[in-house]
Amino acid sequence: MQRIIGTEVEYGISSPSDPTANPILTSTQAVLAYAAAAGIQRAKRTRWDYEVESPLRDARGFDLSRSSGPPPIVDADEVGAANMILTNGARLYVDHAHPEYSAPECTDPMDAVIWDKAGERVMEAAARHVASVPGAAKLQLYKNNVDGKGASYGSHENYLMSRQTPFSAVIAGLTPFMVSRQVVTGSGRVGIGPSGDEPGFQLSQRADYIEVEVGLETTLKRGIINTRDEPHADADKYRRLHVIIGDANLAETSTYLKLGTTSLVLDLIEEGVDLSDLALARPVHAVHVISRDPSLRATVALADGRELTALALQRIYLDRVAKLVDSRDPDPRASHVIETWANVLDLLERDPMECAEILDWPAKLRLLEGFRQRENLTWQAPRLHLVDLQYSDVRLDKGLYNRLVARGSMKRLVTEQQVLDAVENPPTDTRAYFRGECLRRFGADIAAASWDSVIFDLGGDSLVRIPTLEPLRGSKAHVGALLDSVDSAVELVEQLTN
């Protein structure tokens, strides 16, 4: 089981002492405070390389950027001020008025959990550093997807796929899976509808914002399947599946299964396994129906007339994935995902609350029901919306999820030391290692970087771009000895270009 995967999370942000504060400003303060605490001067801060970005290229074969007029002029100084690349290979920046942490590329879902969790520690530290700045208002950051006022912000997943797989097969095979997986991956939400005005509890924070089956947009008319075709790799060989339907998860089992099961279902699709019998009659409607039924008993209509629950759909995918994995050479990583997936589905079938120590939405629902019973509250009570928000607070001593972990009421898959190491260090088995180590060792000599290149400024007449189009190259095994053998960026570039 080896697929390049990673997460990118826009964090909710607020300034309790100044509710009217501009979120772009406060998000910028968070990023800059983290950079300052890391001792990175603005003049030496590595910028993001936008030259290779193509967010309007569509996997269905067209490019909206060609018909939208000349590209906007980006002020590198203005953007770069709140845009940094970390020594762990991640990107920390301001996106749509939110601080965003884009994790480095991983090959294993458990590693992806570690570097995703590292983002929570980065954001917690950023808010703490802002509070230490004289005159700056305190900030609170939340790993969630809704602001309670009708807006949603993203927690996206990325999966590298073979370009040879027709995108139509991706849409057909993945749609029923994405619709049904929220029984495992939902983070839970108080309120129904985009603004949360209707009282109740639902599985997913993202479900009410899904409007179409397939689409390019990520901020409006959001699709179950996103069609952005921006591989950040060799475009002749790869496509990057950009998933926007998912929730921001804190529970490590939720994150692990979100990434691991999706990766294995993509194996099915790439192998050409026929999944057409799982087509849904009304996929967008099914997203909403499943999210709004915490009992997990609601059924959705398939195109062939059958009615199945989300758990039943997940079991069909599980069985087909297990059959594929059994036909291959032994793969302990894939087997562990399958075992965990099967166990979670069994628990959910028996009683969803049996997953309250491992999945987000049951954990949150258990907390909320406790408040409701103790204080005789209805789902309309504002207090419950506050509990919902506090669950996602990234502060280790205040966030309700983190407090559950501290008292042993939430099970972890990884150790805190692994997470803290990942805050500083990149994964060793992808190009993120080369990017992160270059930043650590030669940061002052790097002008810019992106997922697929590192650009050096060695004082000559021109910059030197080192492409990293193969995500599995640039690993420690590939370049570790080279990096250890050179004393300067000049030597490194000479070795690489010669």
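Glycine residues also receive a Cβ, built from the backbone N, Cα and C atoms like all the rest.
Now, the feature entries from Swiss-Prot:
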- Gly6, Thr7, Glu8, Val9, Glu10, Ser102, Ala103, Asn158, Arg240: ATP binding site (BINDING)
- Glu8, His156, His242: Mg(2+) 2 binding site (BINDING)
- Glu8, Tyr93, Glu100: Mg(2+) 1 binding site (BINDING)
- Asp95: active site, proton acceptor (ACT_SITE)
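Structure coloured by features recorded in Swiss-Prot.
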| residue | record | CB count, 10 Å |
| --- | --- | --- |
| Gly6 | ATP binding site | 29 |
| Glu8 | ATP binding site | 20 |
| Glu10 | ATP binding site | 24 |
| Tyr93 | Mg(2+) 1 binding site | 20 |
| Asp95 | active site, proton acceptor | 17 |
| Glu100 | Mg(2+) 1 binding site | 23 |
| Ala103 | ATP binding site | 29 |
| His156 | Mg(2+) 2 binding site | 20 |
| Arg240 | ATP binding site | 21 |
| His242 | Mg(2+) 2 binding site | 22 |
- May I ask for the distance between His156 (Mg(2+) 2 binding site) and Glu8 (ATP binding site), taken between their Cα atoms and rounded to an integer number of Å? 5
- For Glu8 (ATP binding site) and Asp95 (active site, proton acceptor), determine the Cα separation and express it in whole Å. 11
- Quick one: which residues besides Glu8, Tyr93, Glu100 have a Cβ within 8 Å of the Mg(2+) 1 site's Cβ centroid, in sequence order? Val9, Glu10, Arg91, Leu92, Val94, Asp95, Pro99, Tyr101, Ser102
- Query: Expressed to the nearest Å, what is the distance separating Glu100 (Mg(2+) 1 binding site) and His242 (Mg(2+) 2 binding site) at their Cα atoms?
  - Reply: 16
- What is the nearest of the binding-site residues Gly6, Glu10, Ala103, Arg240, His242 to Tyr93 (Mg(2+) 1 binding site), using the Cα of each? Glu10
- Using only the Cα atoms of Gly6, Thr7, Glu8, Val9, Glu10, Ser102, Ala103, Asn158, Arg240, which the record gives as binding ATP, return the largest interatomic distance in Å, rounded to a whole number. 19
- Message: Are there binding-site residues among Gly6, Glu10, Ala103, Arg240, His242 that sit within 10 Å of Asp95 (active site, proton acceptor), Cα to Cα? If so, list them; otherwise say none.
- Response: Glu10
- Query: Can you check what DSSP calls Glu8 (ATP binding site), collapsed to helix, strand or coil?
  - Reply: strand
